[in-house]
Each structure stands twice: as structure tokens, then as C-alpha cells.
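Heads up: the structure comes next, in C-alpha cells.
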């Protein structure tokens, strides 16, 4: 069985993330979308909230599961028996950071490949940052993220006042 992990902050998960996951299932038998628990990064949603949202929006996706992890990504990949780390690119500006991270991961474990999927044209403009920004300004980003995420954003920003 060919397993890949698709790691990310998913703060929040967007249609672009889900598109990459769906397309990755054409290449791999199982895709694990993994929420990276980064205490040092300032995030809108907690790890538990991000995981809950990710589980909700992937429930109907065949061969996709959601989990979280707290270690180096390549070590997590090794732990779950993954042969690859899937990354999505929206624009050329994403390439440099992804390339550097791929080099680090290949140095740590050359047996785990990094597979980069280009964002589909209809999703290339979507980012979690833009979704959070819209929601913070009172606009429901319904075109960019599933309804359960829109509801969670609405609730989160209502709590903040």
C-alpha cells in the first residue's frame, strides 16, 4: 500500500487543500492529511479544532484520513509508513520555501519522496490567510472553504467581538 502524508497548518482548511488531497488519492492508496501542532506559530484555531474541522470535511473522501502530529514531518511520515510527503503549490512564490523544506526532508530520510502538486487554476488564489482575513472583516468565505469551516470562522470571530 502506497501511503502519503499531506501535512499543513490547515488554519483553516480550504477547498484548495481538499483539491490537493483528492488529486493525491489518484497517486497514492491512502492520503493522511496531518495537522501540524506548532505551539510557536500564532494560529486562529487550536490543533484540536483544526483536526475536528479537517475530519469533518474529509469524512466523505475515499482513502483520505485526518490526524495531527507534533514531530518533524519526515519523522511522522516514517512513523506512519508513508513513502511520500505531498505538498501543494499555488504560485511560483511558494516554490523556494517548499524546495528548501524538501531538501531538508530528503537529507533526513532520502527514502521519503516529496511530491508537489500544482493547485488547480480555480484554487490557485485561495489561501488560509485570505480566508481568515475575509472572516475577520465579517465576510463569509463560502467560495473558498466548506460550510462547516465558515460556521467555525463565524463563531470564532464572534467570540473575539
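Every residue gets a Cβ built from N, Cα and C, even glycine.
These come from Swiss-Prot:
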type    : residues                                                     : note
BINDING : 9, 41, 73, 87                                                : substrate binding site
BINDING : 9, 10, 17, 88, 89, 90, 98, 123, 124, 125, 126, 127, 128, 129 : ATP binding site
SITE    : 17                                                           : site 'Transition state stabilizer'
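Take the CB of residue 124 (ATP binding site) and look out to 10 A: across all protein chains shown you find 14 other CB atoms.
Only 87, of the binding-site residues 9, 73, 87, have a C-alpha within 10 angstroms of the C-alpha of residue 98 (ATP binding site).
The binding-site residues under consideration are 9, 73. Their Cβ neighbour counts within 10 Å are lowest for 9. The candidate set comprises the binding-site residues 89, 126. Of these, 126 has the most other Cβ atoms within 10 Å. For the ATP site, whose binding residues are given in the record as 9, 10, 17, 88, 89, 90, 98, 123, 124, 125, 126, 127, 128, 129, the maximum C-alpha distance rounds to 18 Å. Secondary structure at residue 124 (ATP binding site), as computed by DSSP, is coil. Sorting the binding-site residues 41, 87 by the number of other Cβ atoms within 10 Å puts 87 first. Within 10 Å of the C-beta atom of residue 98 (ATP binding site) sit 14 other C-beta atoms, taking all shown protein chains into account.
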